[in-house]
Amino acid sequence: MASRWLALLWAPVFLCVALILETASGTGDPSTKAHGHIQFSAGSVNQTAMADCRAVCGLNTSDRCDFVRRNPDCRSEAGYLDYLEGIFCYFPPNLLPLAITLYVFWLLYLFLILGVTAAKFFCPNLSAISTNLKLSHNVAGVTFLAFGNGAPDIFSALVAFSDPRTAGLAIGALFGAGVLVTTVVAGGITILHPFMAASRPFLRDIAFYMVAVFLTFTALYLGRITLTWALGYLGLYVFYVVTVIICTWVYQRQRSRSLVHSISETPELLSESEEDQMSSNTNSYDYGDEYRPLLLGRETTVQILIQALNPLDYRKWRTQSISWRVLKVVKLPVEFLLLLTVPVVDPDKDDRNWKRPLNCLQLVISPLVLVLTLQSGVYGIYEIGGLLPVWAVVVIVGTALASVTFFATSNREPPRLHWLFAFLGFLTSALWINAAATEVVNILRSLGVIFRLSNTVLGLTLLAWGNSIGDAFSDFTLARQGYPRMAFSACFGGIIFNILVGVGLGCLLQIIRNHVVEVKLEPDGLLVWVLASALGLSLIFSLVSVPLQCFQLSKAYGLCLLLFYICFLVVVLLTEFGVIHLKKA
């Protein structure tokens, strides 16, 4: 029991390693890139006098390029591409619709990158880490698995909170995803497969989520989040994890005392078969099926490398539909790049997914990816002593380590320290997700400038939809397979993690990075209050209606939730375009 609690103490550490590295690198930035025009301060956000970047569309077409280049409000603080400069300086005015179309397609592809990276590389490595730490399924589910499922949301929130101009994106995305998941996803599950909800877990999760929403609502009202407030968010999530563990322990103890009555009289938690299925889905999923070699028997090193880097299963290709093939072709470049750069450890395989030539190659490439994605590549090009850039030193050290590993191991048996590759894969995939999330936030802000939309409405629509679509399909699939209770529980468990860790960790890292005592929040007028109120109303509706139904969720309940979301979107759009507004005094 003591070892499990020790492992639990380590869990948050590994969840935050990549994020702390990213944030710590912000202090003492060796680059010459200007960051001074937007800073957090103890009293207020100190900014150089500037015009709102959204004013660019009201200028003459000949003045727009010069405006976005000179105005600090139009500059991106992170990322590899300057989307505003690209659309106003490199596309003629008559090709603006084409540029917007290209940006939208690139945005969709970035969402695809986020989904593939999280599902096939980030989550499997988190599962391997939790297995090596000997965490129980319940502890892993509310820590590592929650982090894996919410990685796009968390990284998007961290990136958005790093700049006061895009903080509205984070609030909009987290609240918008909350409304979406608690209405559309939860309602869709009950429509697909009506079921009896587990009463105590449902009440526990919805109570914690309502507290998290109330904390965020209060922070928005006060207009700031202090260090104590940020730590309170993280502390509340730790308390939630401990509560889940204690509830599970109490339930298991009760079940062990009366096994005879547990099946018929305990509808509160998942059934044993459902728990087994959940364990299978979350920890034993074979992420390597798609990449399994076609040839059996002894293979050469070159054959192992070629097969390991092949993202296409030709047997599966021949049996799939045209739509699946088209999507697969679109994903091939991403999957190949991730296979090349991100090691994956699978404890459920006999060889633990040990691919000697590829893993040795990844010892060179993965650290290189780390330094080239950290701070958008700033540290990768920094020269040590004016002699060698960091990326060159990383390549030299990685090559030496890869050579030793290659000659000290064999193709057939994984080395004793192979589990360390899970940590390397975790860090590499985390920074890939962070890089993609940075580009997503930059594109959304650019679209907001072009269409003169607030960051909040972009966050609660495009960003929330993009980050939640994968989880929605997963939950709907579980419901169709006969596990609606599991899918329904995942709805609330995931968004609790997202809002508490997304807001708490995002603000905490900015406070540490900028050496301030608080982070200022500037709500986008009435829209934020509409969003917060809608989320609160959806939770109150479920909290009241579900017990009134004796926790028997019907299709009518699901239809009511869907109708609520449609009304919410209508009110949001009417508020955004000024149809609904507060009367001026």
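The backbone N, Cα and C atoms fix where each Cβ goes, and this holds for glycine too.
The annotation N-linked glycosylation site is assigned in Swiss-Prot to Asn46.
Swiss-Prot lists Ser258 with the feature phosphoserine.
Residues or ranges marked as signal peptide by Swiss-Prot on the basis of sequence analysis: 1-26.
Under the heading topological domain 'Extracellular', Swiss-Prot lists 27-95 (among others), citing sequence analysis as support.
In the predicted model, the topological domain 'Cytoplasmic' (117-140) has a mean pLDDT of 78. If you look up Swiss-Prot, you'll see 117-140 (among others) marked as topological domain 'Cytoplasmic', on the strength of sequence analysis.
As annotated by Swiss-Prot, topological domain 'Extracellular' applies to 162-168 (among others), with the evidence given as sequence analysis.
Taken from Swiss-Prot, the feature topological domain 'Cytoplasmic' covers 190-205 (among others), and the record attributes it to sequence analysis. For the topological domain 'Cytoplasmic' (190-205), the residues of the chain that approach it from at least six positions outside its boundaries are 243-244, 247, 267-270, 476, 479-480, 482, 484-485, 488-489, 492-493, 496, 543, 546-547, 550-555, 557-559, 561-562, judged by C-beta separation under 8 angstroms.
Annotation comment: Swiss-Prot describes 251-325 (among others) as topological domain 'Cytoplasmic', evidence class sequence analysis.
Sequence-distant neighbours of the topological domain 'Extracellular' (347-360) (same chain, 6+ residues past either end, Cβ-Cβ under 8 Å): 127-128, 131-132, 283-284, 286, 288, 301-302, 304-305, 308-309, 339-340, 402-403, 405-406, 409-415, 418-419, 421. Here Swiss-Prot flags 347-360 (among others) as topological domain 'Extracellular'.
Per Swiss-Prot, topological domain 'Extracellular' is recorded for 405-416 (among others), and the stated evidence type is sequence analysis. Beyond its flanks by at least six residues, the topological domain 'Extracellular' (405-416) meets 299, 301, 304, 351-352, 354, 356-357, 359-360, 363 of its own chain at Cβ-Cβ distances under 8 Å.
Under the heading topological domain 'Cytoplasmic', Swiss-Prot lists 438-445 (among others).
As annotated by Swiss-Prot, topological domain 'Extracellular' applies to 467-491 (among others), with the evidence given as sequence analysis. Residues of the topological domain 'Extracellular' (467-491) grouped by DSSP class, helix first, strand second and coil last, total 22 helix, 0 strand, 3 coil.
For the topological domain 'Cytoplasmic' (513-525), the DSSP counts in helix, strand and coil order read 2 helix, 3 strand, 8 coil. Per Swiss-Prot, the feature topological domain 'Cytoplasmic' maps to 513-525 (among others).
The topological domain 'Extracellular' annotation in Swiss-Prot covers 547-559 (among others). Counting only same-chain residues 6+ beyond the ends of the topological domain 'Extracellular' (547-559), those with a CB under 8 A from a CB of the stretch are 186-191, 194-199, 202-203, 488.
Feature annotation from Swiss-Prot assigns topological domain 'Cytoplasmic' to 581-585 (among others); the stated evidence is sequence analysis.
Here the transmembrane segment (96-116) has long-range neighbours at 83, 86-87, 151-152, 330-331, 334-335, 338, 432-433, 436-437, 439-440, 443-444, 446-447, 450, 462, 466-467, 469-470, meaning same-chain residues at least 6 beyond its ends whose C-beta is under 8 angstroms from one of its own. The annotation transmembrane segment is assigned in Swiss-Prot to 96-116 (among others) on the grounds of sequence analysis.
Touching of the transmembrane segment (206-226) and the transmembrane segment (446-466) is ruled out by the presence of fewer than three CB pairs under 8 A, sequence neighbours closer than 6 excluded.
Recorded stretches compared: 169-189, 230-250, 361-381, 384-404, 526-546; the one with the most Cβ pairs under 8 Å to the transmembrane segment (417-437) is 361-381.
For the transmembrane segment (384-404), same-chain residues at least 6 beyond its ends with a Cβ under 8 Å from one of its own Cβ atoms are 360-361, 363-368, 370-372. The stretch from 230-250, 361-381, 446-466, 526-546 that makes the most Cβ contacts under 8 Å with the transmembrane segment (492-512) is 230-250. Beyond the ends of the topological domain 'Cytoplasmic' (438-445), by six or more residues, the same chain brings 76, 78-81, 83, 103, 106-107, 110-111, 114, 156, 159-160, 165-166, 169, 376, 455, 458-459, 462-463, 466 to within a C-beta distance below 8 angstroms of the stretch.
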